[in-house]
Amino acid sequence: MKTAGEPDRRRQRRQVRTGRFSCAWWSTSVMLFFSLPEGNCMKESLPRVKLGYKDLIHSRSVVPFTGSSEGQHFQTVLLDEERSRLLLGAKDHVYLLDPDNINKHPKKLSWPASRDRVEMCILAGKNPLTECANFIRVLHSYNRTHVYACGTGAFHPTCAFLEIKGHKEDRWLLLHSNTMESGRMKCPFDPNQPFASVLTDQYLYAGTASDFLGKDSTFTRSLGPPPHQQYIRTDISEDYWINEGKFISAHPISDTYNPDDDKIYFFFREASRDGSTTDKSVLSRVARICRNDVGGLRSLTNKWTTFLKARLVCSIPGPDGVDTHFDELQDIFLLPSRDEKNPMVYGVFTTTSSIFKGSAVCVYTMEDIRAAFNGPYAHKEGPDHRWVEYEGRIPYPRPGTCPSRTYDPHIKTTKDFPDEVISFIRLHPLMYQSVHPMTGRPIFTRINTEYRLTQIIVDRVAAEDGQYAVMFLGTDMGSVLKVVSITQENWSSEEIILEELQVFKNPSPILNMEVSSKQQQLFVGGSDGLVQVSLHRCQIYGQGCAECCLARDPYCAWDGTQCSRYIPASKRRARRQDIKHGDPSSHCWDTEDVLGRNVEEKVLYGVESNSSFLECVSKSQQALIRWFVLKPGVDHRQEIKPDERVLITDRGLLIRWLQRGDAGSYFCTSQEHRFTRTLLHVSLHILDRGQINAHQPAIRESSENPAVTEPRQRYKDYLRMLSGPARSLDEYCETMWHREKKQKQKGKWKHVQELRKSRNRRHH
């Protein structure tokens, strides 16, 4: 009999065996790290462009919310593009902003926890700054004028209705205190606890811990129109329904055109213990319940009678059937498709090991998810109580099926289910088959980086050669990765990190992200503030067609004069773009100057036996930099190879001590996607050291003479410093720093003297 999670032989390389987590996990992790298959895992690409916070400010592509302050904890964002409003849930406050201009007349509603609750929270040993406050975790549009909101309330969750009054130019928030109610099973106690909720048809579905200690994990339905306002929740008597769950996301998705068959899908991770060992592992799950589930009649009263769950697998297939797993689900994003019943499911996963650190993005189809729920059930059997495939009789109607008169006129609600259906689903909530990525492996991975992926937003972009799903991935270090995965002609995928953006002034974990495709903006919330980031900044790629084409950014194209936003409906004929291959030679006219004839020649003088540095930095971190030199009297260029005297760095070429034979023309070239161009052309002239030393007495004499003009004196001082024996770069910089400081002090003293003279003139 097969164990739950174990595949048939045909799928053995794609699925994982339950019970692999044992005391040998440490050695297994190390083995997996060194046996990772070649492919998109180990050959990870660098971000093509890396921009810091100052770079984003300079390019005007980031706008920080000026009304925020340190420790505000912006982890709840509600974007309503239809009504043009942006609500932020923070510590003790709710903000109402205009998404067109987040700093234009922002409105702030104060909603702190009561003093008694704060004192009790502190007495319970919680942190008064980061825990004992009202952190807003729930913001859902209830109708056109009201928002349902919940906060942690200093470990005493509280919910209420907020009303948005006024018009767009003069709106404000009003808290209806008479609607305040307990937020238990609607909102977490702990502000740092993962949590998921969705409000649809006036019902609130929430996955959270329902107790102070955070042990009782439950998925609950509450609110609703009268008289259907009773709680429906998961069964806590059996820990194999949800065991120490951490909820990530919840979404209403229709399975068929029959509204009675509509379901709520929610994603979470939980602790899983196999019966053969006491070790606990973390597994990611997708679960679903019917929206018309009202609980059982005699059993499972006020509890879900259609609850089913299946494992989400995100792994890299390895040799001998040993896969590298990313088991901790961090975030989920549903990318809509033409068929609203079949969105693409994007998930961010991380590893559970502290030795092997990694993150991955896997994509799933609703077809595969539904196939798992329509497949065999799992069953605990044997002395070790392992989950195995259930091969017995399945009662009618099939457990997990939504009640509908279309299927059976005798079953109108879940209270009409036979007792054997209720008993079966109570003991068999887990499906036997796991859900695997549509590509069989992650579409994007990060291994042993200083950060981990925590958030994901996906935007579908129309380009010249097709449509692309551009991913914006938030990290726990405050950066956002802009990534596109391209499928080539041979069906192999290529991951491209277009940009790495440091969106916060002070790096901190990204807590939430929302995208506005209408405004082409990304709203990013963190512990200390919120920023608005543009989805594209085409002008930073360069001033030529080739540079714009090499960027491979679906948002950008060459319009004949500059790199600008690509608009599919544009009537411009000179749109140049190649996302799939990034080959400017077939799209641009400025690709023939490989020898750099059009690059401006710079002249540089160096002194024999001194060092010289030729700076050359490519805008692209993915480009291969190569150096060439054309010596006098030689008719062809020679590539420079590093040795003990010549060093090639990421910033340029360093010649540690110059020789007479180093004179010549130096070329810095950049090669990217089989396209080569010249970035720098320097003509290096070597000055004879003996001649420089012969002029040193004259230089000293002229430098001591105050009658010598300042420009001439500074130029001679430069020559004097360059001619010094084996002067290091630090010594050179220190000398220049002292000289500039002395000149500033001299100028400042001269200015003070002039002021005193002018004052004396006034008094006399």
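For all residues, glycine too, the Cβ spot is worked out from N, Cα and C.
Keep in mind the model is a prediction, meaning the values are calculated, not measured.
Marked as signal peptide by Swiss-Prot: 1-41.
Look at Swiss-Prot and you will find 48-535 tagged as domain 'Sema', backed by sequence analysis. Mean model confidence of the domain 'Sema' (48-535) amounts to 93 (pLDDT, 0 to 100 scale).
A coil conformation is recorded for CYS132 (disulfide bond) in the three-state DSSP classification, outside any helix or strand. Sequence-distant neighbours of CYS132 (disulfide bond) (same chain, 6+ apart, CB under 8 A from its CB) are ALA113, VAL118, CYS121, ILE122, LYS126, ALA154, PHE155. As annotated by Swiss-Prot, disulfide bond applies to CYS121-CYS132 (among others).
If you look up Swiss-Prot, you'll see CYS150-CYS159 (among others) marked as disulfide bond, on the strength of sequence analysis. In the three-state DSSP reading, CYS159 (disulfide bond) counts as strand.
Counting Cβ atoms from all protein chains shown, CYS402 (disulfide bond) has 24 others lying within 10 Å of its own Cβ. Residues or ranges marked as disulfide bond in Swiss-Prot: CYS290-CYS402 (among others).
In three-state terms derived from DSSP, CYS362 (disulfide bond) belongs to an extended strand segment. Positions annotated as disulfide bond by Swiss-Prot, on the basis of sequence analysis: CYS314-CYS362 (among others).
Residues annotated as disulfide bond in Swiss-Prot: CYS538-CYS556 (among others). The Cβ of CYS556 (disulfide bond) lies under 8 Å from the Cβ of HIS536, CYS538, TYR541, CYS548, CYS563, SER564, ARG565, TYR566, GLN577, each on the same chain and at least six residues away in sequence.
Under the heading domain 'Ig-like C2-type', Swiss-Prot lists 661-740.
Marked as disulfide bond by Swiss-Prot on the basis of sequence analysis: CYS668-CYS733 (among others). In the three-state DSSP classification, CYS668 (disulfide bond) falls within a strand. Within 10 Å of the Cβ of CYS668 (disulfide bond) there are 23 other Cβ atoms, across all protein chains.
Annotated region 'Disordered' per Swiss-Prot: 743-764, in sequence order.
Compared over the disulfide-bonded residues CYS121, CYS150, CYS159, CYS290, the count of CB atoms lying within 10 A of a residue's CB peaks at CYS150. Between the CA atoms of CYS314 (disulfide bond) and CYS150 (disulfide bond) there is a gap of 33 Å, rounded to the nearest whole number.
CYS290 (disulfide bond) carries a strand DSSP state (E or B). Around CYS362 (disulfide bond), the C-beta neighbours below 8 angstroms that are at least 6 residues distant in the chain are LEU312, CYS314, PHE326, TYR346, GLY347, PHE349, PRO437, ARG441, PRO442, ILE443. Spacing of CYS668 (disulfide bond) relative to CYS150 (disulfide bond) is 59 Å (Cα to Cα, whole number). Within the group of disulfide-bonded residues (CYS314, CYS538), the Cβ with the highest number of other Cβ atoms inside 10 Å belongs to CYS314. Cα-Cα distance from CYS290 (disulfide bond) to CYS150 (disulfide bond): 25 Å (rounded to the nearest whole number). The two recorded residues, CYS150 (disulfide bond) and CYS402 (disulfide bond), show a Cα separation of 30 Å.
Under the DSSP three-state reduction, CYS538 (disulfide bond) is assigned to helix.
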